[in-house]
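K.L.:
Before I ask anything, let me first share the structure, which is written out below as structure tokens.
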Amino acid sequence: MEPGGGHSLPVLLLLLLLLLLRPSEVNGREAPCPRPCGGRCPAEPPRCAPGVPAVLDGCGCCLVCARQRGESCSPLLPCDESGGLYCDRGPEDGGGTGICMVLEGDNCVFDGMIYRNGETFQPSCKYQCTCRDGQIGCLPRCNLGLLLPGPDCPFPRKIEVPGECCEKWVCEPRDEVLLGGFAMAAYRQEATLGIDVSDSSANCIEQTTEWSACSRSCGMGFSTRVTNRNQQCEMVKQTRLCMMRPCENEEPSDKKGKKCIRTKKSMKAVRFEYKNCTSVQTYKPRYCGLCNDGRCCTPHNTKTIQVEFRCPQGKFLKKPMMLINTCVCHGNCPQSNNAFFQPLDPMSSEAKI
């Protein structure tokens, strides 16, 4: 036996033990995604820092806080693509960890100030804007949602609060509302405060809210948002049709003891129905599943398409409609709101879509 040969076996065993204790990485790469995802995601969604969105991880399983500029990233910890970031893994790009970097792009000029591509700024307390390759996109920091009339608040109105940036909705007697103007008119006027759009030489700051939740938990409903993405740069309300899931067989799945099924795709082609009209084309939409543990599943990533409907007497009409890409199950379930969950009336102002 060679000198020192008796120590080689323990060293080899130690190296083997270290490799066994690190199964999550192979040659600098993360282990493949687990299939199925069930059981590995936290029950509650992550609490991200202000301005940091929650996105699905690289496996499409769990919500994680998007990594910001200069932070480490990986397929399971993606960068904030909405902020113009990408995961720079170096020249080899082996699929392992990297650093979130800003995509190259043009700078933006607003109110005499130059902002770099991907840079976020606040022109006022009401708006947060981002420079994206020479274009400025802004989102309101205040809640621009409508407070619809209901039994408890038949005449809502938005007012300014001293010492606070954002307006608040209040409920006042009918006489005071009639003296002060209609609630919708007050809302439309105040929604453009803080940005002077009268100067045609100034940039029109894009302001678009997120789509509201679908008005029905099953069957055809509608959702709304407020935007000024038009030539007049005026705040208008947009509405689209939506269907989270069909109403028939609305039972939580107990397949192999699973508590939730986030997203499921229709096995057969279906036609959407809107009042007495039927979609011309057939679709295989994705629906949000149900849970039997008290959580609810809602759309996480969606897109809007134009659906053509065939109506009685040979008439045709087109309506924007939400299609679901992915859903997420969580405990922050929407509360019942009788003023919001109303039948979709095609003659009402809410149904002008």
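In case you wondered, yes, glycine gets a Cβ from its N, Cα and C as well.
Straight from Swiss-Prot, here's the annotation block:
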{"type": "SIGNAL", "residues": "1-26", "note": "signal peptide"}
{"type": "DOMAIN", "residues": "29-103", "note": "domain 'IGFBP N-terminal'"}
{"type": "DISULFID", "residues": "CYS33-CYS59", "note": "disulfide bond"}
{"type": "DISULFID", "residues": "CYS37-CYS61", "note": "disulfide bond"}
{"type": "DISULFID", "residues": "CYS41-CYS62", "note": "disulfide bond"}
{"type": "DISULFID", "residues": "CYS48-CYS65", "note": "disulfide bond"}
{"type": "DISULFID", "residues": "CYS73-CYS87", "note": "disulfide bond"}
{"type": "DISULFID", "residues": "CYS79-CYS100", "note": "disulfide bond"}
{"type": "DOMAIN", "residues": "106-172", "note": "domain 'VWFC'"}
{"type": "DOMAIN", "residues": "203-248", "note": "domain 'TSP type-1'"}
{"type": "DOMAIN", "residues": "260-334", "note": "domain 'CTCK'"}
{"type": "DISULFID", "residues": "CYS260-CYS297", "note": "disulfide bond"}
{"type": "CARBOHYD", "residues": "ASN276", "note": "N-linked glycosylation site"}
{"type": "DISULFID", "residues": "CYS277-CYS311", "note": "disulfide bond"}
{"type": "DISULFID", "residues": "CYS288-CYS327", "note": "disulfide bond"}
{"type": "DISULFID", "residues": "CYS291-CYS329", "note": "disulfide bond"}
{"type": "DISULFID", "residues": "CYS296-CYS333", "note": "disulfide bond"}
K.L.:
Give the mean pLDDT for the domain 'TSP type-1' (203-248) on the 0 to 100 scale.
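P.N.:
Reported value for the domain 'TSP type-1' (203-248) is a mean pLDDT of 85.
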K.L.:
What does the structure give for the C-alpha distance between CYS297 (disulfide bond) and CYS37 (disulfide bond)? Integer Å is fine.
P.N.:
15
K.L.:
By DSSP assignment, list the helix, strand and coil residue numbers for the domain 'IGFBP N-terminal' (29-103), in that order.
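P.N.:
Across the domain 'IGFBP N-terminal' (29-103), DSSP assigns the residues as follows: 3 helix, 23 strand, 49 coil.
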K.L.:
What's the number of neighbouring CB atoms sitting within 10 A of the CB on CYS288 (disulfide bond)?
P.N.:
24
K.L.:
Using DSSP, tally how many residues of the domain 'VWFC' (106-172) sit in helix, strand and coil.
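P.N.:
Within the domain 'VWFC' (106-172) the tally stands at 0 helix, 31 strand, 36 coil.
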K.L.:
Identify which of the disulfide-bonded residues CYS48, CYS79, CYS296 has its Cβ surrounded by the largest number of other Cβ atoms within 10 Å, counting every protein chain shown.
P.N.:
CYS79
K.L.:
According to DSSP, how is the domain 'TSP type-1' (203-248) divided among helix, strand and coil residues?
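P.N.:
When I sort the residues of the domain 'TSP type-1' (203-248) into the three classes, I find 0 helix, 17 strand, 29 coil.
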K.L.:
Restricting to the chain of CYS311 (disulfide bond) and a gap of 6 or more, list residues whose Cβ falls under 8 Å of its Cβ, or answer none.
P.N.:
LYS275, ASN276, CYS277, LEU317
K.L.:
Reported in the order helix, strand, coil, what are the DSSP residue counts of the domain 'CTCK' (260-334)?
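P.N.:
The counts are 3 helix, 45 strand, 27 coil.
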K.L.:
Take the C-alpha atoms of CYS296 (disulfide bond) and CYS329 (disulfide bond) and report the distance between them in angstrom, rounded.
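P.N.:
Answer for this pair: 5 Å between alpha carbons.
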K.L.:
Checking the disulfide-bonded residues CYS48, CYS73, CYS327, which are within 10 Å of CYS100 (disulfide bond) at the Cα level?
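P.N.:
Candidates kept after distance check: CYS73.
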K.L.:
Which whole-number value in Å describes the distance between the Cα atoms of CYS37 (disulfide bond) and CYS288 (disulfide bond)?
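P.N.:
Just about 16 Å between their Cα atoms.
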K.L.:
Which one of the disulfide-bonded residues (CYS260, CYS277, CYS297) has its C-beta surrounded by the most other C-beta atoms within 10 angstroms?
P.N.:
CYS297
